[in-house]
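Following: one structure in structure tokens, then a few remarks.
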Amino acid sequence: MLLSDRDLRAEISSGRLGIDPFDDTLVQPSSIDVRLDCLFRVFNNTRYTHIDPAKQQDELTSLVQPVDGEPFVLHPGEFVLGSTLELFTLPDNLAGRLEGKSSLGRLGLLTHSTAGFIDPGFSGHITLELSNVANLPITLWPGMKIGQLCMLRLTSPSEHPYGSSRAGSKYQGQRGPTPSRSCQNFIRST
């Protein structure tokens, strides 16, 4: 069940849903607006000939922070990682779904490629997969609204929430745009 604004506020007030920093003006009818942090991960196109999800490629991306007061410019066809300004902590009975903002989508900005689902038990900043599909550069301002997080109540609490030893939670506690750790659980079929 999708939580309404009053349910979202009740979960936050009770301390079950953690959002830091929390700004009540970001609560929408059935979602919470999320803001863009100031750190980005850009791909180093000259370090590798290709991306291999089975291998650890430590120098695949570099962390970039724009000069204070300046935006990050995302060029047409470019893909970078960003993250939410807010740190989210979900209880074992709520899952999240990150969606883009309609106004930004109409400018050609995609907020996430595939990873819009947030497991119950997750705690950390949400990594954003930012793409510019427009034919002009888009400026990304730290602190701007970048997406919205919908919360879904599970039918029962998760038996093994994200962060538990059984869940294999490789992104638990992440801060800033976190590169892929796909090699940690990559499986090849034989």
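Cβ atoms here come from the backbone N, Cα and C positions, even for glycine.
Cβ neighbours within 10 Å of Glu129 (active site, proton donor/acceptor), excluding its own Cβ and spanning all shown chains: 17. The active site, proton donor/acceptor annotation in Swiss-Prot covers Glu129.
Long-range C-beta contacts of Gln148 (dCTP binding site), restricted to its own chain and to partners at least six residues apart, with a cutoff below 8 Å, comprise Gln28, Ser31, Ile32, Asp33, Val34, Leu98, Glu99, Gly100, Lys101. Residues or ranges marked as dCTP binding site in Swiss-Prot (evidence: sequence analysis): Lys101, Ser102, Ser103, Leu104, Gly105, Arg106, Asp119, Thr127, Leu128, Glu129, Gln148, Tyr162, Lys170, Gln174.
If you look up Swiss-Prot, you'll see 171-190 marked as compositional bias 'Polar residues'.
Per Swiss-Prot, the feature region 'Disordered' maps to 160-190.
The Cβ of Phe117 (site 'Important for bifunctional activity') has Ala95, Gly96, Arg97, Leu98 as same-chain neighbours under 8 Å, each 6 or more residues away in sequence. If you look up Swiss-Prot, you'll see Gly116, Phe117 marked as site 'Important for bifunctional activity'.
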In the structure shown, which of the recorded positions Gly105, Gly116 has the fewest other Cβ atoms within 10 Å?
Gly105
Provide the three-state secondary structure of Gly105 (dCTP binding site) computed with DSSP.
helix
Euclidean distance between Cα atoms of Glu129 (active site, proton donor/acceptor) and Gly116 (site 'Important for bifunctional activity'), Å:
9
Compute the C-alpha separation of Ser103 (dCTP binding site) from Glu129 (active site, proton donor/acceptor), stating it in Å without decimals.
17
